[in-house]
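All remarks here apply to the structure that follows.
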Amino acid sequence: MATSHCRPSSLPIPRSIPNPRASRHHLLRSISCHHLATSNPINGGILSPPSIGRRIRRSHDTVAVRWGPQVKRSTEVNCYSEARVSADDLAAAERRGMAVQIAVAAMATVVLGTANRVLYKLALVPLKEYPFFLAQLATFGYVVVYFSILYIRQQAGIVTAEMLSLPQAPFLAVGLIEALAAASGMAAATVLSGASIPILSQSFLVWQLLLSAVFLRRQYRFNQILGCFLVTAGVVITVASGSGANASLNGAGIFWSLLMIISFLLQAADTVLKEVIFLDAKKQLKGGSVDLFVVNSFGSAYQAVFMCLLLPFLSKLWGVPFHLLPTYLRNGAGCFLNIGSLSAGCDGAPVLPLLFVLVNMAYNISLLHLLKISSAVVSSLASTFSVPLSIYAFTLPLPYIAASSLPGGFVTGAAVLVAGLVLYCLTPPQTPSNR
């Protein structure tokens, strides 16, 4: 044990000592600090002159301080508890900050999702004869824009060489799944009409839960599962209360309804696969995170490749013979630019189609960002919430479109949907005790 000899007059000893044991502990701490300050050879400015040391050694009135195991153990416990508290506080602050980020990203996704649905309807006003051209413009335009942004971010140092060297097989799978989802969805949409598609689209959330539980080993609480089904029920009530929903489902036949459900299964698989890509990238990048434009760029590029291979099939679905496809695309470009002899009936172009493409791109980026910081199910809930909002938006006076009336069950369906969202969010955060 270390022993220190100090003059009592040089120590900050209180004049009155009400509690001998407490004052002794205070004395021990004071002496230890004084001993460290006067005997550390590194702190040259704090060292006492040699005369002080000689004066202390000559003194007969000395105090011997011996550090016992209880003092050491008490100090170690205090330091450990303070470190434990500070770590817990830091983790709680990080959780609060992440919750705020998720809430802001979810609100942005809802707003952009609503605008995306409305602008798609407006974009089809000038391009009502060329919907297939609009789909191809969005598909191939995204490749150019995404890779341009990716190049800029790479030059700025945001995108690293390690991110670009990630395995391409998952991105290839993303492109294939997205192309198949688009093809099956287009095929079913040519037969299904009106409000039946939003009703069938609610199977997307169910697929999300199942695929996340199977492939991500994710466990959901009862309130989360019930909340998701309430959200689905709310959208179905809202849409089915409108005119023509049941008639469209009954008249289309079971095959086309199942094909649309399969399309949403593929879309759910696409989002879960992207979440897997983000999780695997953290391991391969040693804790780093892959930039979302890497995922968007390569996924869109492979999707465009597979869409080219499916062009004969897709053009036939849209009623365009494959040998007339070049003429169709040329006429669609003329209507889009609103020039030439084909500009008749193309009022609103190119502003409305360009607005749709830009907002759709921003919506996809926002949706992928929300998926990156939360989960596929949360991004799906945010996207689903935009359905009743877009129905309400169509009741407002919009250019080129007559205002519609609200469905009879809109308020009831919206209330059920909001209740489902609130129920899903009533999930206590994980603590160190239940992790």
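Placed from the backbone N, Cα and C atoms, the Cβ positions cover glycine too.
From the options 1-20, 21-40, the stretch TrEMBL describes as region 'Disordered' is 1-20. Here the transmembrane segment (253-273) has long-range neighbours at 170, 173-174, 177-178, 180-181, 184-185, 187-189, 191-192, 196-197, 200-201, 203-204, 207-208, 211-212, 215-216, 371, 376, 379-380, meaning same-chain residues at least 6 beyond its ends whose C-beta is under 8 angstroms from one of its own.
Counting Cβ pairs under 8 Å that are 6 or more residues apart, the transmembrane segment (132-152) and the transmembrane segment (199-216) reach fewer than 3 and are not in contact.
Same-chain residues lying 6+ beyond the ends of the transmembrane segment (199-216) with a Cβ under 8 Å from its Cβ atoms: 192, 225, 228-229, 231-232, 235-236, 239-240, 245, 249, 257, 260-261, 264-265, 267-269, 271-272, 275-276, 279, 375-377, 380-381, 384, 387. Non-local neighbours of the transmembrane segment (172-193) in the same chain are 135, 139, 200, 244, 248-249, 252-253, 256-257, 259-260, 262-264, 266-267, 269-270, 273-274, 277, 295, 298-307, 310, 313-314, 317-318; each lies 6+ residues outside the stretch with a CB under 8 Å from one of its CB atoms. Note on the transmembrane segment (99-120): residues 352, 355-356, 359-360, 362-363, 366-367, 369-370, 373-374, 378-379, 381-383, 385-387, 389-390, 393-394, 398, 429 of its chain, located 6 or more positions outside it, place their CB under 8 angstroms from a CB of the stretch.
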